[in-house]
Amino acid sequence: MVSKTWICGFISIITVVQALSCEKHDVLKKYQVGKFSSLTSTERDTPPSTTIEKWWINVCEEHNVEPPEECKKNDMLCGLTDVILPGKDAITTQIIDFDKNIGFNVEETESALTLTLKGATWGANSFDAKLEFQCNDNMKQDELTSHTWADKSIQLTLKGPSGCLKSKDDDKKNGDGDNGKDGDSEGKKPAKKAGGTSWFTWLFLYALLFTLIYLMVVSFLNTRGGSFQDFRAEFIQRSTQFLTSLPEFCKEVVSRILGRSTAQRGGYSAV
């Protein structure tokens, strides 16, 4: 029984560690969260002291940077609380760590990427943390916009590039190199053909529309003051004449373009 429990625990730890690799996670790999870390702080007056709260965030193990001195090296979230009394050095009164071996859950919505960290031990208590990354690709670093620490839950909202989807250029860098480019080139050729076909189709539709309008206007002018039946008969007659004369008209246009019209040939005599 003990061996089964140990094996299950070992497997669960391996699963969690692997899931923290953002490039291997189905959702996290789509976002820029693996490129950035942040150290934010807020200051508030707590007379006679000043309290400073700092939050160190480095979600993905691919982004290897050193955390603050008081935090652990494998922390993905670390909270520090410093208290400063007048004329004295700052004293760190609280440190809470969420390392990369704890469980977590990822959720993506239209407005944010949310990462929930579960079960960090702080003294005799267990805490969860909810990190909400809102996209702003005009910012170079993430900024903490709000934070709450109530009961046994911590909520942090950050705005910046981490919550933004990766660009196509980033996806190409993670692709197959030249093979991916060849595939793209082959994929673009049918698009060009489709564009040419679309242009010809629109030209034909415009010509048909203008012809229809022309026949309707001429029929209306010739039957002005008459009944709808007169207009209908005139329109059908002119449409029929147009359709029957269309092949001869096209033949005449082609002949003139190629310089082989009967009028041109009639202007010369054999020597």
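Glycine residues also receive a Cβ, built from the backbone N, Cα and C atoms like all the rest.
Looking up Cys71 in Swiss-Prot gives a disulphide bond to a cysteine among Cys60, Cys78, identified as Cys78.
In Swiss-Prot, the cysteine linked to Cys60 by a disulfide bond, out of Cys8, Cys22, is Cys22. When the Cα of Cys135 (disulfide bond) is compared against those of the disulfide-bonded residues Cys60, Cys71, Cys78, the shortest separation belongs to Cys60. Look at Cys60 (disulfide bond): DSSP puts it in coil.
Each residue contributes its Cα atom, and for Cys71 (disulfide bond) and Cys60 (disulfide bond) those atoms are 16 Å apart.
Taking Cys22, Cys60, Cys164 as the disulfide-bonded residues under consideration, the smallest Cα distance to Cys78 (disulfide bond) is found for Cys60.
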